[in-house]
Amino acid sequence: MKMVADERHVSQQPEPWVGERRLGHIVNRSGGLFIFVETLSQYLMKHRNPKPPLDRLLAGPSEEASVELHKLYLAVIESRVDSEEAESRLIARAVIGAAAHRALCDESIAAFTGLQLATVSSWVDDLGSLLYRDETINGGIRVRHISILEYFTGPFCPLDFRVDVKQANVELGLYCLRTMITELRFNMCKLETSYRTNSEIEDLNERVQENISDVLQYSCLYWSDHLCSSVNLVSKEVCEYVDIFLRGLRLLYWLEVLSVMGKVPVAIKALKSIIGSRRMFEGEIVHLAEEALRFVLGFLTPILTSAPHIYLSALPFTPSESGLWRTACKFFPKLMRVCEGRMTKWPGIVGLWKGHADVIYAATIVQVAYSPDGLNAVSASLDQIVQIWDAATGTPIGEPLKGHTGAVLSVAYSPDGRNIVSGSEDGTVRMWDAFTGTPVGEPLKGHTEDVRSVAYSPDGRNIISGSADQTVRIWDAATRATVDEPIKGHTGAIMSVIYSPDGFNIVSCSLDQTIRIWDAATGTPIGEPLRGHAGAVACVAYSPDSQNIVSGFENSTILIWNVATGTPVCEPLRGHAGVVAGVAYSPDGQHIVSGSEDHTIRIWDAATGTPAGDPLNGHTDIITSITYSPDGRNIISSSGDNTIRTWDAVTGKPIADPPAGHTGEVTSVAYSPDGQNIATGSTDRTIYIWGAETGILVNGPMKGHIGQVDSVAYSPDGCFIVSGSEDCTIRIWDAATGSPVGEPLKGHAQRVRSVAYSPDGRKIISDSFDETIRIWDVLTGTLVGEPLKSPNKPVTSIAYSPNGQSIASGCSDGTIQLWNAETGSPIGEPLIGHISLVKCVAYSPDGRNIASGSSDKTIRIWDAVTRMPVCEPLKGHTDSITSIAYSPDSQRIVTCSYDNTIRVWDAAAGTPVGDALKGQLKATLLPKGIVAYSPDGRYIVSGSLDRTVRIWDAQHISNKNKTVSSTLFDLPRDFLNNVLFNSSGPNAVSSISLDPKSMDSEGWVHCADGILMWIPEDCRSGVTSQALSTIPPEAQRRCVRLDLSSFKYGSSWKDIYHDTG
């Protein structure tokens, strides 16, 4: 009080103006709250004579401290604010409404409200007892204490002064929208080049402050927070503004601002808020927000990395029929163009998700988990990556999360959905930003073996991990430090850990055949271990009410336990025929879902333990994890078949039918004689027939083999298909109906490696791992003569001569043997030249030559009559040749190799035709049927481990075309060295593909000056492959070609924009 007296020159004579009695009253009324004394001092210093206002405050009996504080706040407001003044209330709503997010300065409040700056400043000055300007945030107006904010918005403040928070948010939402619509524009920070990433621009923060006003920054960050703060329908005016914002170019400009501010996750949160508030907005606005979110999630990498590439790299790949593209295209005429393979619409709902590595044995998806809002899912895989997915469509979001150096065995979302935690075979636990995919801090280290399970506590404060080192560790999610010592007790690897929904307990299960419950606070065991049937406990889950635990066992059973008593609630749940690898409760606790090694999913009544409907079938390998969506409507499952599937939790049916096609690698392909269809065989034991032009399924799956199909071939009249299998049998199929013809042909003692029809269609030849060649009568299905066998020379491949008189066979000793097809006797001496196993042989259609491919990486061409080499060995492949075929005119040869390439050769000259064709995953171990020519010679077909068939242009082989001069194009020379041209001359750049080596792991294509362009994940396979199409048609495998004839980039990137107004 002395400070007040000194400041206001209050006379202390004849006695102090605040004596001990009055000082006692002040202390009594303050209730010990410092904010009372501080506010009182600030208030009194606003008066020339502080005695009268102090007398008024101390009049009457003393009340509770909170009441006295509210009386003081009211006195401050009444003394300085006119309750009838609309401007005053308007300012109050803006200041108090914004305070929950970020304090705004006087200038921003004035800009928002449209009031004079002097009016706003005067209001703030008048309430200086309650407010102050924080110079650390550009003079943002702050309340001196949180209780002041609560008073302004709470019931104790008189209506004349009370801030209506709902009205404040509506007004602020409108202010934000108007600001963005007015101020947002192209290239706001005046970036000179597109070569540099945001992080490489040293003065980017300064540019943001200079070019983006404080009020625009605020608007871009918080507009949706204000609009979605209520559950009431928004006004027509708000809807109109949101529609304008989401429908036009301002959406792109908004993302540009967020990109340079480093706040891109705000876009995801904002758009999700609009979508989640669909009851408040018109349906069209929700649709626009959904499309905008698809854009952000689909092109998150370029948006995060470089603002110019929102336009250069994201916009060109936006579906051509999307509203965003239709609006933007006329303003951006100088972009690269996706001339082939561009999507017309955003991907729809799929019931089968693919995205992890295509090498099946390395890509088992171990676990999948939903985000708390159910909009996304995250998966862990043996390929060492974590992938985030759009839960509605099953499309991957952003780049894979990479950092682990071993298989990722477990993933989980934080309760607020902001972070993801993963555990790995490398012994570490990692945290990731769920919006950006970037690592959060360093890996959490402590375990000495595989981390097999991770989970968040319900409050998000802690993370638990269970390991093969037999311990459970608790980590502080904020500091990433361990909490206390490891929890010990298990004597085997821990398979699963989880918190109880109430957060009080932790449960773990182990290979030691026990389940243990631990106190989450102390880490001490609760009760004795739970022991059920013999065998390891593979998985465990809590009921939503924390009363029960369900566990899956190695012995195919499931048990439900009472947590309090530690005893089973009912008899074991039986039905699975293999290890139960995943269990989960439905959110309402009424059902349990389980997934098993038997490839099935089962739903159970949680109260009775009885099955609820039939098993869910679809996966072709072990179900590795299973869980319900947060709303309980869907079930999501991951599998060793490298897929994720979604199911309707009520009906048990797939959310969408999975695309037709093989579920295993394609081991053999064959064209029908008329070129209309293609037959494929697979490790999934089936045969399919596809339309060669459309890639659409014609027939299949044709089932009958009980082992993988190693070879397929058409009869010369196209009426039948023959197949050879791992099951040692040969089957004939009706090509029109897909039904088997007669009984299987049996005789081989081991797997049938390859099969072929004789040119007249009367006979079939087969070779087998039993080292024999057999000839079969098609009509009777009986063996013709004795098996053909070369002494000490196991047969590895076979081919009929075009006249049907001879058979050529490749042998494991590197030789080729010719046989009389009628007598079965050898013709002359073997053809000697290869130095290793001959994996494939083929006759030229004119019958003059034989071509052979070998493990020695060479191709040899032989004169079929003289049996002498025609030319020097054909060299170019860097690994074993796995398949070989002649063009119908005998002029060319096509080969496939383990080096992941297909090559075309001039059969007369023995020289390569163009560059190697790339884009097919590593060929299978099977030597026959992996490549073939179409009957008209226009196309080449190939099959691969990635379960697809690709069709290639056999007449126009892409090459780097050194005759295409870089002077023709305004493109970097080093980039042109990585371009594969499909034509020469001035138009060559209008349809190009890229060398895979030109692109980094995140899809960026670089040149000497920096980043040139970014390619979306779903286009990378297609743009780096010369294949024309893929069977079955699939977005991830489609052919993609780029037109760079008008592409502006680097220092010219600003020229992409053209203001049509």
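Going from the start of the chain as shown, residues are counted 1 onward.
For all residues, glycine too, the Cβ spot is worked out from N, Cα and C.
What TrEMBL records for this protein:
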REPEAT    365-399  repeat 'WD'
REPEAT    401-442  repeat 'WD'
REPEAT    444-485  repeat 'WD'
REPEAT    487-528  repeat 'WD'
REPEAT    530-571  repeat 'WD'
REPEAT    573-614  repeat 'WD'
REPEAT    616-657  repeat 'WD'
REPEAT    702-743  repeat 'WD'
REPEAT    745-786  repeat 'WD'
REPEAT    788-829  repeat 'WD'
REPEAT    831-863  repeat 'WD'
REPEAT    931-953  repeat 'WD'
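Two recorded stretches are said to be in contact when at least 3 C-beta pairs lie under 8 angstroms, sequence spacing 6 or more; the repeat 'WD' (365-399) and the repeat 'WD' (487-528) fall short of this definition. Residues of the same chain lying 6 or more positions beyond the ends of the repeat 'WD' (573-614) and with a Cβ under 8 Å from any Cβ of it are 538-545, 548, 550-554, 556-560, 620-628, 630-632, 635, 637, 639, 647, 649, 652. Note on the repeat 'WD' (530-571): residues 492, 495-496, 498-502, 504-505, 507-517, 577-585, 587-589, 592, 594, 596, 598, 604, 606, 608-609 of its chain, located 6 or more positions outside it, place their CB under 8 angstroms from a CB of the stretch. When Cβ-Cβ distances below 8 Å are used as the criterion, the repeat 'WD' (702-743) is approached by residues 664, 667-674, 677, 679-689, 749-757, 759-761, 764, 766, 768, 776, 778, 781, 926, 928-929 of the same chain, each at least six residues removed from its ends. Within the same chain, residues 406, 409-416, 419, 421-425, 427-431, 491-499, 501-503, 506, 508, 510, 512, 518, 520, 523 sit at least 6 positions outside the repeat 'WD' (444-485) and bring their C-beta atoms closer than 8 Å to a C-beta of that stretch. Applying DSSP to the repeat 'WD' (365-399) sorts its residues as follows: 0 helix, 22 strand, 13 coil.
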